[in-house]
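Structure, as C-alpha cells:
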Amino acid sequence: MTANKKILVLPGDGIGPEVMREVRRIIEWMDRRRHVSFAMEEGQVGGAALEATGSPCPDETVERALGADAVLFGSVGGPRWDSLPFEKRPELGILRLRKELGLFANLRPALVMEPLVDASSLKPDVVRGLDLMIVRESTGGIYFGEPRGIETLPNGKRRGVDTEVYTEEEIARVARVAFDLAKKRSGRLTSVEKANVMQTGRLWRAVVSEIGKAEYPEVELSHMYADNCAMQLCARPKQFDVVLAGNLFGDLLSDLAAALTGSLGMLPSATLGAPDASGRRHALYEPIHGSAPDIAGKGIANPCAQMLSFAMLLRWSFGMEEDAAMIETAVEKVLAGGLRTADIMGPGTARVGTSVMGDAVLRELDKLAA
Ligand code: NAD
C-alpha cells in the first residue's frame, strides 16, 4: 500500500463534474487493482461556489488547496454568470488559486495520438507523431503588470493601458522548469519572445541564455521570435520538443498547438509552483477546455482530457510514471478500437457518451494490469 497522497478535487461547473466522475472511477480502480490509495477531498470553485458561498473561490477552498499535495480541477463558468461584474465571475476562481498557490509554470502538452491523426486540420504527415510541450509563464507579464486600466483623457477620449513586465527571477524560475523538462525529454528547448522589439524580450533571451549556459549545458537551447514560432508551429510542428514562453505569447501559442491536435476534449495541462526545500511543490491539473455549457448535462462530454490531467498529476506530483503511462495507453487503445465521443468522431468510428468512454478506459486498464 502506497502512503496516502492528498488530492483536492474541484469539479466546478458545466461538464466539470461529469468528466470528473470518470476520473473518480479510475481512482477507485487504482485502489482496487494497483493498491494505491489517495486521500481525496472535494471542494467548491467557480459558479457552484459562488452560489453556495458568494465567492468563486472561497477561503476554505484555498486553505484546502494549500494543504493538498495536488489539486485536480475541472472547469468553471457558464452563461448563467456571464452578466456578473468581472470581480464576481466564476473564472476568477482559477485565477485566485493560481495566485495563492504561486503556480507560475503552465505545462501544456500537444500530443497527437495515432488514432486521432485525422482530427487535425493539418495534413496527417505534418502532425503524425507530434509530441511537444509548451511551458508558459502564468503569473506575470502583461496580464498582471501595472499600470493597467482604461482612463479618460482630458480631450474626452479613452485610453487603455497594459504593461508587460518581467523580473529576472520570474524568467529564471520558469526557465528552469522548461530546462528540466527538456532534459527529461529530447534535450532540446526553444525559448520564444520578441527580443527584436520588446525590452522584456531582450531580458528574457539574456536570462534564459545565462541559465542554459551555467546550469544546463547539455540542453540544446535555441531562441525564436514569437511570430515566427506561430508560423513554424503550423508549418513544421515536429521540429519542436519543449517550447518556453511568457504569459501572453504562451497563451496564444499553446492554443495554436492545441488546435494542431484537433480536439479540445483530449488535452490536459499542469500548472506548477516552486519546489520547497523538500522538493514538494504546489500543483494544479486541469483539462484545457472550459465548462462547455452547450453540452453540459447531456452525458456526451469527452472525459479524456480530465483523465489525462489526472495522469499528469500522477507523473508530476507523485512520480508515478508507470501508472500515468498506463492511463495514457488505455485512452489511446480505446480510441484505436474506434469508440469516440461526439467531438472526436471520424469515419468508421462508433459514437458513445461520457460514461461508456469511461467504461472502455477501465476495461483497457484491466487488460494492461493483467
Ligand atoms: P469550452 O472549452 O467550454 O467549449 C468550446 C467548445 O468545445 C464547445 O463547443 C464545447 O462543447 C466543446 N468542448 C469543450 N470541452 C469538451 C469536451 N470535453 N468534450 C466535448 N466537447 C467539448 O470553451 P467556451 O465555450 O469558450 O467557454 C465556456 C465556459 O467555460 C465560459 O464560461 C468560459 O469562461 C469557461 N472556461 C473555463 C476554463 C477553465 O475552467 N479553466 C477554460 C476555458 C473556458
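Start at 1 and count along the chain as shown; that gives each residue its number.
Cβ from N, Cα, C; glycine included.
The domain 'Isopropylmalate dehydrogenase-like' feature in TrEMBL is assigned to 6-361. What TrEMBL records for 78-91, 290-302 is NAD(+) binding site. Marked as substrate binding site by TrEMBL: Arg98, Arg108, Arg136, Asp227. According to TrEMBL, the site 'Important for catalysis' annotation covers Tyr143, Lys194. Taken from TrEMBL, the feature Mg(2+) binding site covers Asp227, Asp251, Asp255.
Annotated features taken from TrEMBL, shown on the structure.
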{"residue": "Gly78", "record": "NAD(+) binding site", "Cβ contacts under 8 Å, 6 or more apart": "Asp13, Gly14, Gly47, Pro90, Ser291, Pro293, Ala296"}
{"residue": "Asp82", "record": "NAD(+) binding site", "Cβ contacts under 8 Å, 6 or more apart": "none"}
{"residue": "Phe86", "record": "NAD(+) binding site", "Cβ contacts under 8 Å, 6 or more apart": "Leu92"}
{"residue": "Lys194", "record": "site 'Important for catalysis'", "Cβ contacts under 8 Å, 6 or more apart": "Gly201, Tyr225, Ala226, Asp227, Phe249"}
{"residue": "Asp251", "record": "Mg(2+) binding site", "Cβ contacts under 8 Å, 6 or more apart": "Arg136"}
{"residue": "Ala292", "record": "NAD(+) binding site", "Cβ contacts under 8 Å, 6 or more apart": "Gly14, Ile15, Ser75, Ala301"}
{"residue": "Ile300", "record": "NAD(+) binding site", "Cβ contacts under 8 Å, 6 or more apart": "Thr341, Ala342, Gly353, Thr354"}
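Among the recorded positions listed (Gly78, Phe86, Arg136, Tyr143, Asp227, Ala292), Gly78, Ala292 have a CB atom closer than 6 Å to some atom of ligand 1, in sequence order. Taking only the Cα positions, the spacing between Asp255 (Mg(2+) binding site) and Arg108 (substrate binding site) is 9 angstrom. The secondary structure of Arg98 (substrate binding site), as reduced to three states from DSSP, is helical. Overall, the recorded substrate-binding residues Arg98, Arg108, Arg136, Asp227 cover a maximum inter-Cα distance of 27 Å. According to its DSSP assignment, Arg108 (substrate binding site) is in a strand. All protein chains shown were included, and the count of other CB atoms within 10 Å of the CB of Arg136 (substrate binding site) stands at 27. Across the domain 'Isopropylmalate dehydrogenase-like' (6-361), mean pLDDT in this model comes to 95.
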